[in-house]
């Protein structure tokens, strides 16, 4: 028998198994840490995105399309300009080559100094480029002044808001921003911007008004306290005067001083505040109607619309836009509000990771003045600080780990077993990491995977408790005078412990692997890593731990001998005391559960129904309302800024997309919406996949596209946009351009054929290709800010052409229009078409609003594609939908993970217990525990973000174990009456399951003092899930079994083939007298109503100190199958109906 062979190997060669497992596990632990990069958590939000869904694939294809449109990409917006550029490069190369061929000596010299000349040429070219850029800047200086000044205050939506991820050096920042604002007479060095660090001042009293002398003085004192830091001078932006002092901070107090001609904010009077207040009241109307612009002092058009006091130094705009909260002056109800509740101070320091030492210094200071204090802060180092605290606060995880170690030591009484159990946890993580990085070749390791440490600790300690108790109970029945006795002990222990641990491992691993149905990268990585960790833990539990227990058994007399004084005086009294406590607890638990079974059942059933209402109705699963992942506790200054105060200032609302930015509607043809990258690697986006069936040049496609644009503008979600929309729908802008005369009226020699009135719409495909390229070339000769209204340097709408190799084209082609027909031969093919218009929906963090926008536009798009010609069938729609898709993927993935894992857990229970009623009761208890846990988290205001979704997946795995233990124990009982079976299950599993719940829950409680939100949530989650799952398994499942549990034979199925094979095995075992005696002893004990062991055979010595080892062993899923004697099998053959 394989089990007997393995038992003999364990009994006779435990050191060999330990050495082999140690070498293998150590190799798995060391190799990836030395050959692979250590996990980097500097960007904790990496991988918090949806991949693989239809919309997520569109978003990835859109990013690949934009990347391919870059100068280094495979697509080009202006093919003629690109063609001439290639021709110019070829001509220069030929000229250089001809000069080298004419002078052999020069050729030799060139070869010798090739690297040096290349370096010199690069420098020369760079200098020329810089001069050209300078001349161009001077040419467009007046027209582009607004854009130059606001480049840092109005960022692209895809930029990281608030400068969290900016890692630019301070010198580079100063070089970009270090110019004086001459309009303000040098009072401020520059314009305020979100690229600077900033703090928010508010009052502890909600009725306190910051627009007062006390508020001004508070701003001055707090600003001075911040500047008093020894790290401030090395970080601040300095003035360009000879003194080079640090620039002033942008604060309401300093702006009041500027408008009142005061040299310092300390000199501001009450009259100054009233004067500036009246100015702001006049100017707020123009700001809200978008008439007051940030450059109004230089913009004549703006000055015609607003009073002169509103654009003096542009102070009114900066105050309203940056420094005063949105409820000041005018509330959301259009009522007047002159109470300023919060004010912003923007420091002349770049928001970057360089401010870490500055933050550490000021965080220990009392930044307050009377009732006013710094309530929020944004220094651009949130991710950097998280990376450091994630490591520094890990001592709390180690503290919990140490607590579990102490519990295992006190439970087992053996240092060898305790150390072995801890090594099992470490080795299981090492094996999982090696498999994760080397075998699966997954490079991304999100910080969520650290949750696997908690999972491995909980499961490892639980399995150790179960194995040690089974070993102890079997040991008290066996004689260890010879090796055969030890072999039988190992065999009996493995026979019961291995299947039990396998079932718990299987259900937990299935729960984790079920989360792979989620489309979020971080959740998929966590599911794989945790599932592999659980499997590795089981393999070590059936190899490493049994060998360790055998060695501890052999060395037991030397380590914890009863003759030892300490053992006699301390350990034994404590052991007897805990045994009495365990006896009393077991008796009390049995009486409490059985006597009040109806009360417990009704109470917890009602709580389960109520939790379903909380989870699925009100308030329900709350989706995240911020694209930034919360890293610290809500009371942290950084989180206060992101969660609360960033929504109270206009510039932050606009940059976060919550200030009225319209959602563009982008319709793409020619590119397949496919993400062929690695979904488990956020940096792998794959490549652009073109649509081979795309053809916009056919006459049918031209007519259809024209009707598409017309119908689009008739829809209710369309928003008309001011200004020229030349590339938005190219087929419409091309038609009026094609209606020009073929001969130039001024110069008759210029022939515009075929791009003229001779060709009518729809055009011939060749004419369309040529004339579209010519029209785009003319558009690009126009300054881009006049027609590229949205993309800020990157054109999105219009045609995308495939780049071709022009090196073999005759270089004699020039800019003469007479050679245009020859040029047409080298114009690349049209690869993609993008139609882009604005919608009347504003970007929102609300899932409901974004869902409405997406469904309306998507449904209309799909209806339009029904009538599309073959070349335009594969179009698709995209917009700013990244965060919306993440919300949807989190919700759908979590629900699917719960359903799939519950279904798989039910399948495992049915296969193990072979009783549908026990399985249904157990899965009902598990589902209720999960629902209660999720309901509690919802009431604690948890939102379903990535970490919370991972917690739900973990809850499914951890909540299954306790109910599974009770269900299998009930199934393994030989008693006829259901109450006796429930009593046996409680006596067997009440102690070990409570010990496992206490150790894991206490380890979680020790993580609550952390400053990292992930640790806090993990700790709180462990406390809740351990308590709820144990309570529901004990006080809901057991009363349910006591009320309506099946009897011994009712609805009980068996595996006949396994029984017949075991019958032949028992015949072989019967040839051994020792085995016959052992079998008869077991069979006699099985006739007792409570189980398989006899208390009369218990010994007084043990290697492991347990809770009370009752008269029955803990359950084994195959216990009834494995303890089948010959007589019982023959009776079963005569009475098959009982099976």
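Each residue, glycine too, has its Cβ placed from N, Cα and C.
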When TrEMBL is consulted, the range among 577-597, 598-618, 619-639 described as transmembrane segment turns out to be 598-618
Range annotated as transmembrane segment - as stated in TrEMBL, picked from 453-477, 528-552, 653-677:
528-552
In TrEMBL, of the candidate ranges 828-858, 859-889, 952-982, 1014-1044, the one given as transmembrane segment runs 1014-1044
Expected hit for transmembrane segment in TrEMBL across 325-347, 348-370, 417-439, 693-715 is 417-439
Checked against DSSP, the composition of the domain 'SSD' (425-551) is 108 helix, 1 strand, 18 coil
Under a Cβ pair cut-off of under 8 Å, which of the recorded stretches 15-33, 501-522, 528-552, 895-914, 921-940 contacts the transmembrane segment (598-618) most often?
921-940
Listed stretches 15-33, 389-411, 528-552, 895-914 vs the transmembrane segment (501-522), most Cβ pairs under 8 Å: range 895-914
For the transmembrane segment (389-411), what are the same-chain contacts with Cβ under 8 Å, counting residues 6+ beyond its ends?
41, 44, 417-418, 421-422, 425, 447, 450, 453-454, 457, 461, 464-465, 468, 632, 995, 998-1000, 1002-1004, 1006-1007, 1009-1012, 1014-1015, 1019, 1104-1107
